[in-house]
Amino acid sequence: MIDRYKHQQLRIGLVSPQQISAWATKIIPNGEIVGEVTKPYTFHYKTNKPEKDGLFCERIFGPIKSGICACGNYRVIGDEKEDPKFCEQCGVEFVDSRIRRYQMGYIKLTCPVTHVWYLKRLPSYIANLLDKPLKELEGLVYCDFSFARPITKKPTFLRLRGSFEYEIQSWKYSIPLFFTTQGFDIFRNREISTGAGAIREQLADLDLRIIIENSLVEWKQLGEEGPTGNEWEDRKIVRRKDFLVRRMELAKHFIRTNIEPEWMVLCLLPVLPPELRPIIQIEGGKLMSSDINELYRRVIYRNNTLTDLLTTSRSTPGELVMCQEKLVQEAVDTLLDNGIRGQPMRDGHNKVYKSFSDVIEGKEGRFRETLLGKRVDYSGRSVIVVGPSLSLHRCGLPREIAIELFQTFVIRGLIRQHLASNIGVAKSQIREKKPIVWEILQEVMQGHPVLLNRAPTLHRLGIQSFQPILVEGRTICLHPLVCKGFNADFDGDQMAVHVPLSLEAQAEARLLMFSHMNLLSPAIGDPISVPTQDMLIGLYVLTSGTRRGICANRYNPCNRKNYQNERIYETNYKYTKEPFFCNSYDAIGAYRQKKINLDSPLWLRWQLDQRVIASREVPIEVHYESFGNYHEIYAHYLIVRSVKKENFCIYIRTTVGHISFYREIEEAIQGFSQACSYDT
């Protein structure tokens, strides 16, 4: 079991053959060492029991039933008086069957095999470290090419013949075909190397510190050279410099993590615990097996065949040995990553086998589905809709979701207030949805934030905390300003809601994760809570109006609307008398009484500085009254003057939408100013 306080992180990397052997081997009480899987069998077809030394062997991986060996004998687990601790007939230990979830085995490969992730995945780590083309290394791994061994003191047979013009070339044109298996082994050990063994030799001979020094020197030399004038050559230099940087970073990573490069070539192949690749019996007596079992069987079959060729058959041609090594390499490649070399392997029903990579990667892989994205308690999920009346730090939680998330808190409240005698009575009151339940739920939610998360959580603002309030319906209401942080919109997106339980989690949600405290982007510092989409359209409709300027009102009658205070002139067009209001409250009151529309033009008395008015602007019209006062009408404002040309008041031409928008901004500024004054 992993202790969460001692282990804060999990790292996946390469391990040595010695470490694989330490994981998989164990010494049973009679002194026998077990752990190697040598047979490609699973269960016996008659007894329906695991085969010895097979993929489900109970000696290697532990008993199927706790305390029961393969013979059927039973021992009490943990009883020190009972002896022995294992069955002398079958060699199975009397332990808990849960050991089959973590006890590993191993396959001892007759020939080394490269790990396909480090060879075929881009960038190829093996090609980067060896500074050789990937195509040549692939030919070397799959026995299409051979590698000449560097023997300094003795001249090699092939070099004397002139068979090797290059370090790596096709073995068909360099190796004599008359060698038998016995002679071929001696010849190959002296003259050439092919397959993954050649890669392992080259990786083992590397000095990572020298690689870093040489790469740095070459990078500096390329940097000192100026442009050649040839575009193609300049591009080659840039690509070479980028490659040298990647090579140095890779070598530094190997040094920093104490990983040897030759570990990218496998000599021991780990076998997963049986419970992670089960065989299940379904209706009708049929068996369903994990695809990995079949892929392991192919590896064992081909590995055993290669062992027989090298040990029992003394007259096997060298070509056949190389072909069998290639088959072992391909079988391991299919086990680790099916389809990485081209066409994936399929079963009899033309279905692609799921390899180890398919099991762990992707949305339905072991990590994202079981470890990272598993279901948790005190969480829910629903569609989000806009909540126009919500504050920035609030969210609307449906009653159905809220009562489920806070049910334990409501039960505790009912019992504390002596409204329920026990948990059963409290649950029945919740099922009956009594009014007191909603009152207690409101009290609980007032001091308890919730976390909203929208997948995928690509940055810190993908999960934020809110103060929940109860809403009707079955959807989560959200303030539209927080959508940009979540990268959400209201076209059917779903969000998950979580309840922080511990005091530490609640404090973190309040101090660090509240939406009104995350107004800036953590990446670039720009405002993240900005109006988008629906809000921009709403602001446009709110402030656009139907007419622009007094001229359109008087001389463009085609765009008019009918209002309650309209009169018809003899010219057969309708003229709308625009109402006057002393303050914004009267204008909004008239709108609520449906006397004017949201975009109806009106005159609003305003405290405007005379210096703002352009002195050169000429009024469009001047209306005189009987007492000598007159009105100067401009495009967007109106001035009432006396006979002595003194300003009585100023009216601006606006709409109810503009007034509402201005009042919201004014209230926000006043609230911000008050908050700043409290802080100081």
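Indices start at 1 and increase along the chain as displayed.
Note: Cβ is positioned from N, Cα and C throughout, glycine not excepted.
The model shown is predicted, which means the values in this text are computed figures rather than measured ones.
Taking the Cβ of CYS90 (Zn(2+) binding site) as reference, residues of its chain lying under 8 Å away and at least six apart in sequence are, in sequence order, LYS52, GLU58, ARG59, CYS69, ALA70, CYS71. Taken from Swiss-Prot, the feature Zn(2+) binding site applies to CYS69, CYS71, CYS87, CYS90, supported by sequence analysis.
A coil conformation is recorded for ASP489 (Mg(2+) binding site) in the three-state DSSP classification, outside any helix or strand. Swiss-Prot lists ASP489, ASP491, ASP493 with the feature Mg(2+) binding site, giving sequence analysis as the kind of evidence.
When the binding-site residues ASP489, ASP491, ASP493 are compared by the number of other CB atoms within 10 angstroms of each CB, ASP491 has the fewest. Ranking the binding-site residues ASP489, ASP491, ASP493 by the distance of their Cα atoms from the Cα of CYS87 (Zn(2+) binding site) places ASP493 first. Summary of the Zn(2+) site environment: with the site residues CYS69, CYS71, CYS87, CYS90 set aside, the chain residues having Cβ atoms within 8 Å of the Cβ mean position are GLU58, ALA70, GLY72, ASN73, PHE86, GLU88, GLN89, GLY91, VAL92. Cβ proximity to the Mg(2+) site centre (mean Cβ of ASP489, ASP491, ASP493, cutoff 8 Å) flags the following additional same-chain residues: ILE384, ALA488, PHE490, GLY492. Between the listed binding-site residues, namely CYS69, CYS71, CYS87, the fewest other CB atoms within 10 angstroms of a CB are found at CYS71.
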